[in-house]
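So that you can see what the record holds, here are the features copied from TrEMBL:
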- SER592: active site, schiff-base intermediate with substrate (ACT_SITE)
- 13-151: domain 'C2' (DOMAIN)
- 179-214: domain 'EF-hand' (DOMAIN)
- 215-250: domain 'EF-hand' (DOMAIN)
- SER592: pyruvic acid (Ser) (MOD_RES)
- 1-23: region 'Disordered' (REGION)
Amino acid sequence: MGHGSSRPDSGEPSPDADTAEAPVPSRFARFRRRLRFHRSGSDQLPFKNLAAEDFAGIARIEIIGAEMKFKDRWLACLSFGERTYRTDKSDHTEKPVWRSEKKVILERNGPHIARISVFETNRLSRNNLVGYCEIDLWKVLSEDSEDNLEGLSLLDPSSSNTIVGSISISCYVEDPIETEKAFARRVLAVVDYNEDGKLSYSEFTELISAFGNEVAASKKEELFKQADKNGDGVVDMDELAILLSIQQEKESLISNCPVCGENLGKYDKMNDMLHMTLCFDEGTGNQSMTGGFLTDKQASYGWMFKLSEWAHFASYGIGLKSGSSASHILVFDRRTKRLVEETIDRRIILSMRAIYQSKVGLTLIDKGTRDLLRSISEKQGTWMNSPESAKDIPKFIKSFEDQVNMDEVKHPIEYFKTFNEFFIRELKPGARPIAYVERDDIAICAADSRLMAFTSVDDSLRFWIKGRKFSIQGLLGMGTYSNAFDKGCLVIFRLAPQDYHRFHVPVSGTIESFVDIPGCLYTVNPIAINSKYCNVFTENKRVVSLISTSEFGKVAFVAIGATMVGSITFLKKEGDYVHKGDEFGYFSFGGSTVICVFEKDAIQIDEDLLANSERSLETLVSVGMTLGVSRRKQATEEMPRLENCTLGA
């Protein structure tokens, strides 16, 4: 998907031709204009100001080809952090070849797991995810080989023990010291019109002019002599790299990016060089993967996605916009540090919008929707407990094939006699390791869920909960509420139907009480949570448990029912001493929510969870991941880093 040659089109006037009108732009200027045209409307560089100590290198990932078990037209997607890129479609074959590459910035504390997803494209409106693999770029960085060409197994999305094919990946992490040389090589290649690997004086002066630095432009001859170390009358790539490096330490020669024309100097010189390195690859067509996508599912939609965007049938965005109005909810996967997509049937989305996002819906809620939702939940619960419902299990797994991993389920499908038995399935021992199990001063995540965490109720109202007046007193009820919770931390664990629906104890302590609070069964989808017309958390049926701990004081654990969830079952009783990570209970069929409320100044929530929540972005977490550290009894050692924890798949 290159953008063509940088040479002028045939018949175009020479730069040296006489003209009575305005001067004809130089070849480099025309090249830059053409690149800017090709890049318009495409993926913008995901660039931010990066501290030198955080920069680990530029990773080049090339997807070469694959070997699949049947013939089709294939495409592959690369997901890294909050960006996804896709290849072109292959020919109809069982051995697709793409040879598509992308370069990404590798940060020391940023994402380091790249996911490659392979889709078959035999359907008009929806492509099917067939297999995936993951590459740990930190591992690649630690290896000494200059180029890592690997044949990796493609795993079945619903069974990581099943191999569906193989894929060839070339992965290389460019040393930061080599970045400037690589940039110099790219610059030279563009202006080296006779392709001899060297710059004549005229080519060199044109390059300096393109950099947009008036001071440098005024002393081109001096700079040329400075660069031409051996005095042979030309500047080769090494000499150009040395000049750029020396000037970078003094005063940069480059004021504008030669490709996109953007003014440089907003950040430091290292960030300017990174910008130009990636921009050159993007503009010259070396980056042959198409960008501009947030998730691999979005990238796989192809022209149908573009059409739906144009027609406003669907919308994508990060944060509250995607959660409150779109049919595609984007969440941040904490393990891989990438965006993933939670898709909901469009018909359900439309009905939820009608009920929860309008004044008409409010009227319906007040005049009978509560009873209707309860009736639906009761009937659905009866069906899900019937032997006939077991036949729906394979269809359910297929619907969520990339989100339900049967390899970690304790029993095979045949074991479950009803759908509800499968829904409240247990996992194999060790499937959810508990982080720092011996340390009671570190709280853990209570459920496989999409998490929002706030240091106060005020923050939750500003970033997430948009309904009618929400309060801790309204959530906990008079039987459990105390003033100590008013200014405390609030953690929301939202479970989707495809999740493991058993919830666990986040802290160690003694269970003081259980209080049942009757209520509605509204959906816990963000469309309802962000509605102005109802308050899901304080109006839904719920059970509030109070846990007394030595490290966090009292912790309120609230299990909230939802549409299709009429049953909340606890496995512990009042007076029991529980250890963090112990199984606490489960929800029957449907989505549901757990909310934990900590007393003021009791816990320091992990920074990444708070940062995502401030963006109104849910974080996908698993049982056992760290949640935060006690502030009341400071740990005797420094809070452990998340990347050092061993987490479940």
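Glycine residues also receive a Cβ, built from the backbone N, Cα and C atoms like all the rest.
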Reported mean pLDDT - the domain 'EF-hand' (215-250): 80
Cβ atoms near SER592 (active site, schiff-base intermediate with substrate) (within 10 Å, other residues, all chains): 32
Residues of the domain 'EF-hand' (215-250) by DSSP state, where helix covers H, G and I: 25 helix, 2 strand, 9 coil
